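*Asks:* Feature list, courtesy of Swiss-Prot:
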type     : residues : note
DOMAIN   : 56-185   : domain 'VIT'
DOMAIN   : 308-468  : domain 'VWFA'
CARBOHYD : Asn118   : N-linked glycosylation site
CARBOHYD : Asn445   : N-linked glycosylation site
CARBOHYD : Thr666   : O-linked glycosylation site
CARBOHYD : Ser673   : O-linked glycosylation site
CARBOHYD : Thr675   : O-linked glycosylation site
CARBOHYD : Thr691   : O-linked glycosylation site
MOD_RES  : Ser60    : phosphoserine
MOD_RES  : Glu282   : 4-carboxyglutamate
MOD_RES  : Glu283   : 4-carboxyglutamate
MOD_RES  : Ser466   : phosphoserine
MOD_RES  : Asp702   : aspartate 1-(chondroitin 4-sulfate)-ester
MOD_RES  : Ser886   : phosphoserine
REGION   : 665-679  : region 'O-glycosylated at three sites'
Amino acid sequence: MKRLTCFFICFFLSEVSGFEIPINGLSEFVDYEDLVELAPGKFQLVAENRRYQRSLPGESEEMMEEVDQVTLYSYKVQSTITSRMATTMIQSKVVNNSPQPQNVVFDVQIPKGAFISNFSMTVDGKTFRSSIKEKTVGRALYAQARAKGKTAGLVRSSALDMENFRTEVNVLPGAKVQFELHYQEVKWRKLGSYEHRIYLQPGRLAKHLEVDVWVIEPQGLRFLHVPDTFEGHFDGVPVISKGQQKAHVSFKPTVAQQRICPNCRETAVDGELVVLYDVKREEKAGELEVFNGYFVHFFAPDNLDPIPKNILFVIDVSGSMWGVKMKQTVEAMKTILDDLRAEDHFSVIDFNQNIRTWRNDLISATKTQVADAKRYIEKIQPSGGTNINEALLRAIFILNEANNLGLLDPNSVSLIILVSDGDPTVGELKLSKIQKNVKENIQDNISLFSLGMGFDVDYDFLKRLSNENHGIAQRIYGNQDTSSQLKKFYNQVSTPLLRNVQFNYPHTSVTDVTQNNFHNYFGGSEIVVAGKFDPAKLDQIESVITATSANTQLVLETLAQMDDLQDFLSKDKHADPDFTRKLWAYLTINQLLAERSLAPTAAAKRRITRSILQMSLDHHIVTPLTSLVIENEAGDERMLADAPPQDPSCCSGALYYGSKVVPDSTPSWANPSPTPVISMLAQGSQVLESTPPPHVMRVENDPHFIIYLPKSQKNICFNIDSEPGKILNLVSDPESGIVVNGQLVGAKKPNNGKLSTYFGKLGFYFQSEDIKIEISTETITLSHGSSTFSLSWSDTAQVTNQRVQISVKKEKVVTITLDKEMSFSVLLHRVWKKHPVNVDFLGIYIPPTNKFSPKAHGLIGQFMQEPKIHIFNERPGKDPEKPEASMEVKGQKLIITRGLQKDYRTDLVFGTDVTCWFVHNSGKGFIDGHYKDYFVPQLYSFLKRP
């Protein structure tokens, strides 16, 4: 049966010597009005064990009816999600208002992979509490004092992504029972959102039915949605209150609303309450949250170009796949093939006792080839046995050969997706040998994903097979929904965005870090890393992430302070201040369980087992190695709930099974290279321990150009007064293929009759690399051919693409280097958002040591070939603090004024005063021609010289 009833009441005259507590009358929390509301027209209050009469019109005999045997007085669910860590409590209160003993069943569905942390039960005032014990200890305790008339246990359900916790208690007339179960789980991001499911199946009407879900996310909520999962019956019942970082979902139907029809006694509450949400992401380096000696790092970058993939579909077409399973698989594969991108390469292998391939090598996913592959799949006729070993080795051979021959894009990712519904029956039958063969032949750049269809397949084998080869396994339930399950899984891995993702926390006081090295990152998902630290030794935690995108090597940095969350969590009574510890424990235990299944020796397995057991006991959670012992205060009545055999792969619901690397093993290419302008440090570090070069050519403010002439050792300044929207060429070097242009933005309004202009956007074009970089006051975007990569000013990161490297320091500076011989620095100037006049703007700094060609020109580029100047006849000016002088340059004699300008490289707020000689009239006479000669039509246009 697909959905089980949460409360099943079976009535029989029991002669079992159970745990019976005689009381008189009904429980104090059930009154006559409650019963009338739950079953109108059915009840009259009578003494215990008596009957009541009701005369029916036209009938002389009496009809005797009994009071409803069991009343569900209260059914409450409270669930709190704090930074993806969900803690849920399910509580029900039941009263036996029958004159006979009744068996009361508490049967609730919880997500697979959730850890039960507590269970308690009160039977007419006598409380049973739970404790976590090692399985053998728990069974021994249970054997000593078995509770009569009571059972408890965890049951693996055949339904999708759920299991059942079931307790059965025999209670006497009038007795009340309260059940309360607590469990915890991590919310994994899939296809762009987190999904929180609460299974509501009370089985009958409840006087008080209340569900409350609190979502608390420090990152901020991007959206929150409660879909209709009850076919419109409870339209308008869920109430959603959403703020910037917190939301509350309330579901409290009245008894009348619960009824499946106006006069029915059956409940319509039979299904799932689902909450979908996602969080805001401002930083590419993710969200690093630190609290109470633990940290959690959430990483889910977007706005990245997909990495091309080489994908082999290996499909079981043995006789056991006949019928619905094959039909659904074919339907799913047709959709999946249509979703392949033009830059992808693919092939299809189908196998029974024989191995067939649609193509013996990888083929581009053109429309023609996809159509041909779909026709091939449609003709498949399942029959015969199952030769998994040869099928996987054939797939591995195709990918290995293509890679060895250089046929694969070096920036692509390679995937094998195996779909099978049974164990091998032909060829190699020993599962450990198949696992060994795959491991010995597969190259390290290949990820193997296994989809086990139905329950005849050895799912534990598929888990080991995939976890050992950079993938995961997932069970596909063989029913009418098989096609959508297959398509949903493919969608999760269809968009690889990063390769070789590694998290580093460079400090010795950071310990016990969970898996921090991942083969791939797929769009719409999220990687989560957690660890411990010593608060006495650290007041902040630094993270450095290295990864490779479609065409770029990345270094992403972030920093978190110890007290960042203290104020936020203290202001919300529902926030879980222990979420970092729980999340770390959840990840660690799940990863240890996966490692245990792959342990190469018995000694290693025993060591891992001891670690899992100790953590299970320390954190009070039920795992496959522990039992839930439920006992009364006297200790003479006990129940036992064992977890079922482990079914989910690592971190149930997670898309990644990674590995661990030492904390300081950052790739050599990730170490930021020194630049001649500014040292790129982590956010929060002190800026510029070493002094930047004192002399650069720069543009700041309105826009003020400061040109340093090394031979003369003079700074010459000029302004450009132009219109917003105009694009000025700063450097144009057609021989080197380098362009630097700047687009002007205007102030909000004129000041003293003059509208100031600033650089609001800068464009850099490196022609030989086909790389364009656009820097605005909001984003930094790198384009290479048809691919793009964006960062925001809130990131601290380093991006390397061929000869070009971009370093971003959060809210301060972007440094661009070319072959480590040429550099440009762009400073960000933020102003108060409500300032009546000023706007955010950019400043650019270019060292005169940059090796441009002699043909370089532009407002700055022309001075790479230093002109001769002669400054003489210095004299007092109209302003006593600004003397005047004459300057001969380029055959012209100019009147110049000495003053001060600002260099903001070492002090972004106040700047450092720099003495310079100012050329009036927009640099006329000092620059070649007129400033309007330097207008260009596009942000990446070369300057056309007359």
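Placement of Cβ uses the backbone N, Cα and C atoms for every residue, glycine included.
How buried are these features, and what lies next to them?
*Replies:* When pLDDT is averaged over the domain 'VIT' (56-185), the result is 82.
DSSP assigns Asn118 (N-linked glycosylation site) to a strand segment in the three-state reduction.
Under DSSP, Asn445 (N-linked glycosylation site) is assigned to coil, being neither helix nor strand in the three-state scheme.
The Cβ of Glu282 (4-carboxyglutamate) lies under 8 Å from the Cβ of Ser792, Ser794, each on the same chain and at least six residues away in sequence.
The local packing around Glu283 (4-carboxyglutamate), expressed as other Cβ atoms within 10 Å of its Cβ over all shown chains, amounts to 21.
Secondary structure at Ser466 (phosphoserine), as computed by DSSP, is helix.
If you draw a 10 Å sphere around the CB of Ser886 (phosphoserine), it holds 14 other CB atoms from the protein chains shown.
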*Asks:* What number of additional C-beta atoms lies within 10 angstroms of the C-beta atom of Ser466 (phosphoserine)?
*Replies:* 25
*Asks:* Just jot down the residues in the same chain as Asn118 (N-linked glycosylation site), at least 6 apart in sequence, with C-beta under 8 A of its C-beta; none if empty.
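*Replies:* In sequence order, the residues whose Cβ lies under 8 Å from that of Asn118 (N-linked glycosylation site) (at least 6 apart) are Ser130, Glu180, Leu181, His182, His620.
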*Asks:* What count of other C-beta atoms do you get within 10 angstroms of the C-beta of Asn445 (N-linked glycosylation site), across all chains shown?
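*Replies:* That number is 18.
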*Asks:* What's the CA to CA span in angstrom from Glu283 (4-carboxyglutamate) over to Asn445 (N-linked glycosylation site)?
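*Replies:* Per the Cα atoms, Glu283 (4-carboxyglutamate) and Asn445 (N-linked glycosylation site) stand 28 Å apart.
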*Asks:* Where Asn445 (N-linked glycosylation site) and Ser886 (phosphoserine) are concerned, what is their Cα separation in Å, rounded?
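*Replies:* Asn445 (N-linked glycosylation site) and Ser886 (phosphoserine) have their Cα atoms 68 Å apart.
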